[in-house]
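Structure first, commentary second.
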């Protein structure tokens with residue numbers, strides 16, 4: 001009998017600890033522990049798919065454990081080595097993988113569901129078509145094109161990051177990215193439908209970065225993508241000669257080299273918090289993916305990249321109320337705004353120059369469509385590369401402001417905790433730097449006077465921080481604009497940001 005079952009007595013936890021210290025010799029059968037409740041067979045198989053053929057599976061539902069058999073011992077060794085440096089996750093829960101004492105996994109014919117999953121996966125891996133008896137989420141793909149939606153997009157997801165993740169499963173031919181219904185989406189074409197199917201099985205529902213940027217994947221009705229330009233929005237990898245068009249060009253070769261330089265480890269070291277999970281590092285070159293992720297989140301300023309193509313055009317502004325300072329404060333939640341210029345002949349529009357293109361992308365993805373001063377603002381990348389200051393002696397009525405040396409920039413310090421707290425606008429505001437003598441009533445009154453209704457309030461234990469919930473996102477945006485850096489007395493300036501928490 002090849003089942004690996006612990007005795008259900010008090011020695012369970014002790015036995016697990018002993019096993020952790022005892023390294024079993026390499027085997028193509030892997031033992032997976034600490035799985036979340038109701039983990040499906042396809043989710044377990046997804047852990048092994050990038051490393052080779054999966055030949056058998058056995059799940060022990062009551063014990064939150066599973067056994068996974070790979071086609072070769074070499075594939076299993078590669079998988080163990082990889083997950084020794086990158087913690088494997090299933091449904092955002094870390095799981096533990098080790099070699100089993102068994103060299104082969106024998107399962108009885110009663111394990112029909114697992115066998116159906118394996119049959120479908122085997123067909124995909126062999127280039128065939130799964131049988132009609134396969135499980136619903138493993139139905140055959142009729143198209144090599146996947147439609148990808150990114151949920152919880154707290155960090156920008158670049159075309160290159162998508163290519164790196166999906167190329168683990170086969171040849172990525174073309175990618176087109178776009179924003180629809182205020183969501184970042186992509187169409188990605190593989191060289192054949194079975195490869196697209198294998199990628200969907202493994203990646204649907206997975207997070208690109210820790211606890212965010214969740215992939216929602218479906219098959220597209222299109223069977224071939226028509227890519228006209230190779231730039232940061234679209235790419236045809238089979239036709240490198242295509243022009244860049246009006247979009248930003250693909251990453252400069254010198255910039256790409258910066259990701260691959262000798263200082264890669266220190267670049268990774270600057271990423272605060274937990275390491276990026278397996279998808280962000282799941283491409284052929286994990287260090288480069290993590291470096292790109294760090295840059296995308298604005299955590300590192302790349303040489304020669306600062307200030308280039310980081311200009312946004314905000315339109316449909318309330319020209320009676322908007323000021324350079326209010327735009328600086330709002331866009332400053334997502335990056336260090338350098339200059340703001342309200343257009344003289346079109347005062348419902350403004351140019352905002354961020355510190356770099358990644359911060360501009362981050363601000364655009366979070367603020368486009370949000371309501372500010374009663375109007376839904378539109379935010380797009382501008383063709384300008386910088387915001388010009390007015391000539392000496394020319395009075396532009398205060399429409400242009402230079403914030404380059406502002407003390408209010410949130411992201412100047414490398415590794416600042418602010419990088420971990422970038423969230424879309426929400427009704428809940430996080431307040432910090434609160435003086436000890438300021439009461440809940442004081443803060444409720446302050447934010448009510450900014451225009452809105454305070455629905456809930458909660459002090460943190462030390463009373464230096466609090467959560468305050470407004471009735472609408474628009475009211476929260478207004479409260480942040482009006483009261484971030486508000487002087488509470490004794491040189492205590494209130495700090496306000498959006499929170500993912502609710503009260």
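Yeah, the Cβs are placed from backbone N, Cα and C, and that goes for glycine too.
The domain 'RRM' feature in TrEMBL is assigned to 28-112, 146-222, 310-384, 427-501.
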Number of helical, extended and coil residues in the domain 'RRM' (28-112), per DSSP: 28 helix, 26 strand, 31 coil
Per-residue pLDDT averaged over the domain 'RRM' (427-501), given as an integer: 93
Counts of helix, strand and coil residues, the domain 'RRM' (427-501), according to DSSP: 21 helix, 22 strand, 32 coil
Secondary structure tally of the domain 'RRM' (146-222) (DSSP, helix then strand then coil): 19 helix, 34 strand, 24 coil
